[in-house]
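Down below is the structure, laid out as structure tokens.
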Amino acid sequence: MAIERTLSIIKPDGVEKNVIGKIIARFEEEGLTPVGIRMMHLAQHEAEGFYAVHKERPFFGELVEFMTRGPVVVMALEGEDAVAKNREIMGATNPAEAAENTLRKLYASSIGENTVHGSDSAENAAIEIKYFFSDVQLFSRG
Ligand code: UDP
């Protein structure tokens, strides 16, 4: 399998619950290595831009409000099959439907406040990583 990169965000609820360390440890244990990490408080236009694909959805306003209510931890993760592996570790969007031991099952409280973001394709991962990181902020561990 190919070595890929994916974008992960620990959302404001995950930061508030003090599980940054547990989430990063889980990624490392499962072979997803952080190659870039930023803690930041998203501005409204940054959250809107990141989730632009959802701008016509009824939950868009709430999603932007949630994503800007406190700091987040943005990470580029590298590893074999990183996009799919991260989605598997995260679990379903709605924590009520997430499999046992996934991050969303363990930590998320609702479909909106679901603790983690993960890119849904290699193509989007490349776009999302560029949204937050310049080349010199990424450290390949190859
Ligand atoms: N979301 C929401 N209500 C919904 C669906 C999604 O608030 O009915 C939020 C939720 O935070 C989710 C994000 O919008 O993680 C992006 O939705 P998507 O369907 O892309 O899910 P994901 O890829 O994050 O699992």
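Note: Cβ is positioned from N, Cα and C throughout, glycine not excepted.
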Binding-site annotation, TrEMBL, ATP: partner of LYS11, PHE59, ARG87, THR93, ASN114 in ARG26, ARG69, ARG104: ARG104
Protein Cβ atoms within 10 Å of LYS11 (ATP binding site), excluding its own: 24
Distance-selected binding-site residues near ligand 1 (C-beta under 6 Å), from LYS11, ARG87, ARG104: none
Binding-site residues (THR93, ASN114), the one with most neighbouring Cβ atoms at 10 Å: ASN114
Same chain, 6+ residues apart, C-beta under 8 Å of the C-beta of ARG104 (ATP binding site), given in sequence order: MET90, GLY91, ALA92, THR93, PRO95, ALA98, ASN114, THR115, VAL116
